[in-house]
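Below you'll find the structure, written out as C-alpha cells, and then a few comments.
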Amino acid sequence: METKEETSNIEAFSTEQGPIMSNVKHENGLTSAHTIDHDSWQQVGLLLVTSFNCGYILTFSNLMLVPLGWTWGIICLVVVGLYTAYANWLLAAFHFINGQRFIRYRDLMGFLFGRELYYITWVFQYLTILLGNMGFILLGGKALKEINSEFSDSPLRLQYYIIITGAAYFLFAFLIPTMSAMRRWLGISTILTFTYIIILLVVLVKDGKSNKNKDYKIHGSKADKVFNGFGAISAIIVCNTSGLLLEIQSTLRKPAVENMRKALYTQYTAGLLVYYGVSIVGYWAYGSVVSTYLPEELSGPKWVKIVINFATFLQSIVSQHMFLAPIHETLDTKFLKLDESMDSKENIKHRFYVRALLFSFNTFVTAAFPFMGDFVNLFGSFTLIPITFVFPSMIFLKVKGKTARLEKKVWHWSNIILFSLLAIVTTISAVRLIVNDVQQYSFFANT
C-alpha cells in the first residue's frame, strides 16, 4: 500500500508534474505526455534489435577490436555482452517496487536514495542521450558525404551534411512524437537495417578473402595501448546498452517485467549476433588499419557504397529516435498542454519549438566537434557505466539488502566497486582521446 510519505517522495523528485487528465497516462503521481503501458514485447524487441543495429555498428570494428586485438577483443565482447545483458535483466525487475511502477530511471533513484541521486541520474542519462544523438548526427553526415564522394572528387564539407542530417532527425521527431508511435516505422527500419548489413557483409567477406596482407598487431606505446584498450571497453558497452531501460520499459503493457525481459532476450540473441558479427568480420577483412567508418574501406562498384550509405542514413533517422525519446518525453510533459491532444494546434506549435531548439543545439555541437570515436568513448565511460552496472546493484542492495544472502551482497558490492573504478579509468582514457583530437583537428574540422 502506498503511504503518504512515499507519494510525497515521488512527487518531490518529479520535474514533469501536470494535471491528471483522462487522456494522460498516470502512474504513482507522475504524469507523462507520452504513451505508457501500451506496446507488446515483440514491438519493443524489434525496436531494440533495429535501433542497436544502427549506423554506429559501422564504427565498432575500429573502436572495439583494433585497440584490443583478437584474443582480448573476443574475450571482452563476450564478457561485456553477458554482463550488460545481466545488468539490464536485473534492472528490469525494479520497474515495480511494492506494486509501484517507475517509468523513469531518475524517479526510481530519487525515491530510493534521495534528491541527490535523482539529479545525478538525470544528468548522467541526459549526457548519454545528448552525446549519443550527436554521434548519430555525425554518422548520418558521414554517410551523406560518402555518397557525395562517389559523384564528385570535391565533396561538400562535412558540416553541410551534418546540418541536413540534423534537419531530417528534427522532422522525424516532430512528426513521430513518441516511442510507441514508431510502430508503423519498424518494418521500414528492419528492411533498411538488413539491406545495408547483408550487402556490407558480402563485400566485407570478398575484401577479406582478397586481402592477403592483413595486420592484426596492436600499435602504439604501452600507455597508448592501455588507454585505447579501456576506450575499446567503453565502445563495447555502448554497443550493448543505452541506459534507458526503464523509459523503454514504461511503454510495455503488463506484465512489464516479463515482457521487458523477453524483449531483452531478443536484443541479446538476434540483435547481438548481427552487430557483433559485422564488427568481427570488418576487423577480419581489414585488420588494424580498418577505418572508423567501414564504408570508406569497401571495394566493388559505386552503387554498393551508395546503397549502404543511403540505407544507413535513412535507418538512422528512425533508430536515433528511440535513444532521444526520453528527452522528448520530458520536454513534451513540461511544455505541452496535457489536457489537449498531442496533435492539437497549441501542442503542435510547442512541439515544433522544443524539437527545433534541441536539434539545433545538437547539430551545432556536432558540426563543431566532428570526432567520431570521442562521442562513443565518452558517453560509454563517464555516464553509461554507472547507470548500467553500478546503479542496479545499488538498487538491489537498497530494496533487498536486508533479506538477501551474504554472497549476493558481496556480489553486488563487488560490482559497485569494480565498475566505479572502471568508470574512472575509462573516463580518463576518453578525455585523453578528446585532448589529442582537439590538438589534431580544428573546430568545425572537415573530417
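A Cβ is built for glycine as well, from the same backbone N, Cα and C atoms used for every other residue.
Annotated features, as they stand in TrEMBL:
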type	residues	note
DOMAIN	39-431	domain 'Amino acid transporter transmembrane'
TRANSMEM	44-66	transmembrane segment
TRANSMEM	72-97	transmembrane segment
TRANSMEM	117-138	transmembrane segment
TRANSMEM	158-178	transmembrane segment
TRANSMEM	185-206	transmembrane segment
TRANSMEM	226-246	transmembrane segment
TRANSMEM	267-286	transmembrane segment
TRANSMEM	352-372	transmembrane segment
TRANSMEM	378-399	transmembrane segment
TRANSMEM	411-435	transmembrane segment
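By the count of Cβ pairs under 8 Å, the stretch nearest in packing to the transmembrane segment (267-286) among 72-97, 117-138, 226-246 is 72-97. Residues 34-35, 133, 136-138, 140-142, 144-145, 148, 185, 313, 316-318, 320-321, 324-325, 328-329, 332, 342, 351-352, 355-356, 359-360, 362-363, 366-367, 370, 444-447 of the same chain sit 6 or more residues outside the transmembrane segment (158-178) yet have a Cβ under 8 Å from a Cβ within it.
Pairs of Cβ atoms less than 8 Å apart link the transmembrane segment (44-66) most often to 226-246, out of 72-97, 226-246, 352-372. Sequence-distant contacts of the transmembrane segment (185-206) (same chain, six or more residues past either end, CB-CB distance under 8 Å): 43, 46-47, 49-50, 53-54, 57-58, 176, 274, 277-278, 281-282, 284-285, 294-295, 298-300, 304, 307-308, 311-312, 314-315, 318-319.
The stretch in closest packing with the transmembrane segment (411-435), judged by the count of Cβ pairs under 8 Å and taken from 72-97, 117-138, 352-372, 378-399, is 378-399. Within its own chain, the transmembrane segment (226-246) is flanked in space by residues 52, 56-57, 59-60, 63-68, 72-73, 76-77, 80-81, 84-85, 87-88, 91-92, 94-95, 102-105, 108, 124-125, 128-129, 132, 220, 260, 268, 272, 275-276, 279, 322-323, 325-326, 373, 376-381, 383-385, 387-388, 422, 425-426, 428-430, 432-433, which lie at least six positions past its ends and keep a Cβ under 8 Å from the stretch.
Away from its own ends, the transmembrane segment (378-399) comes close to residues 83-84, 87-88, 90-91, 94, 97, 105, 108-109, 112-113, 121, 124-125, 127-128, 131-132, 135, 230-231, 233-238, 241, 243, 408-409, 412-413, 415-416, 419-420, 422-423, 426-427, 429-431, 434 of its chain (Cβ-Cβ under 8 Å, at least six residues beyond either end).
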